[in-house]
Amino acid sequence: MANLCKRVVDLEKYIVKEAPPTVYYIPDFISEAEEEFLLQQVYRAPKPKWTQLSGRRLQNWGGLPNPKGMLAEKLPDWLLEYTEKISALGAFAGKTANHVLVNEYKPGEGIMPHEDGPLYHPTVTTITVGSHTLLDFYRPVCQAEPDAPQTEESRYMLSLLVQRKSLLILQDDMYKCYLHGIRGVCEDVLSEHVVNISSTGAQVGDTLPRSTRVSLTIRHVPKIIRANLFLGKK
């Protein structure tokens, strides 16, 4: 664990310069053995830990974010190892990640374009295991120009190829100003709009079949409520 946290990565080496500020993409952030370990831990979780949504299912670890404050719950050791590892990179400006959302996407499943919102420190970090995905980015609907085309296609900006074992970090404009989503398809055809393709070993025109992907979205929730305060104890 100590050796893990001592690992220092110069994030600037991994910045995706073709994207607006700021995207860091680190291929092979974890090993094959770590990937297998994480998958085992995810699927060992008790059935009530899963929440089924349209197009995916998820596990929530660390508490339920709320505008009034998140009632903090201790993360399990298998997640603490990775929240500490990512926090040690400086991803959260010296703060420590305290929340993990585990999402499972089967082939053909996805999520509509959305933003993560103000409940979190304005950084989102994601470890991907099991399969790749293509993460698409969109400009928000423009209220000032109601007559302008507002379709997803017209607002589409770019994509990121997010591979197995990678770490993706989104900050600044890419977190605050744009929406991100995953199309519900069974395979991805890589186009010139995949701006991190040079970091992936893939090529424009490649067709990548999806299998089941598990993502660990690791974030810092600034506003928390300690359990003893919630229960009225001193």
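Along the chain as shown, residues are numbered 1 onward.
Each residue, glycine too, has its Cβ placed from N, Cα and C.
Swiss-Prot has this to say about the protein:
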- 96-222: domain 'Fe2OG dioxygenase' (DOMAIN)
- ASN103, TYR105, ARG213, SER215: 2-oxoglutarate binding site (BINDING)
- HIS114, ASP116, HIS180: Fe cation binding site (BINDING)
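Among ASN103, TYR105, ARG213, SER215, the residues given in the record as binding 2-oxoglutarate, the maximal Cα to Cα distance rounds to 8 Å. Note on HIS180 (Fe cation binding site): other Cβ atoms within 10 Å of its Cβ, all shown chains, come to 20. Shown in sequence order, LEU179, HIS180, GLY181 are the residues of the chain, 6+ apart in sequence, with a C-beta less than 8 angstroms from the C-beta of HIS114 (Fe cation binding site). Listed in chain order, the residues near the 2-oxoglutarate site other than ASN103, TYR105, ARG213, SER215 are ARG56, GLU104, THR128, GLY130, THR133, ILE182, VAL214, each with its Cβ within 8 Å of the site Cβ centroid. Taking H, G and I as helix, E and B as strand and the rest as coil, DSSP gives the domain 'Fe2OG dioxygenase' (96-222) the counts 12 helix, 54 strand, 61 coil. On the backbone, the CA of ASP116 (Fe cation binding site) and the CA of ASN103 (2-oxoglutarate binding site) stand 14 Å apart. In the predicted model, residues of the domain 'Fe2OG dioxygenase' (96-222) average a pLDDT of 94.
Using the Cβ center of HIS114, ASP116, HIS180 for Fe cation, the list of other same-chain residues with Cβ within 8 Å runs, in sequence order, PRO113, GLU115, GLY117, VAL124, LEU179, GLY181. Within the same chain, residues at least six positions away from SER215 (2-oxoglutarate binding site) with a Cβ under 8 Å of its Cβ are VAL102, ASN103, TYR105, THR126, ILE127, THR128, VAL129, THR133.
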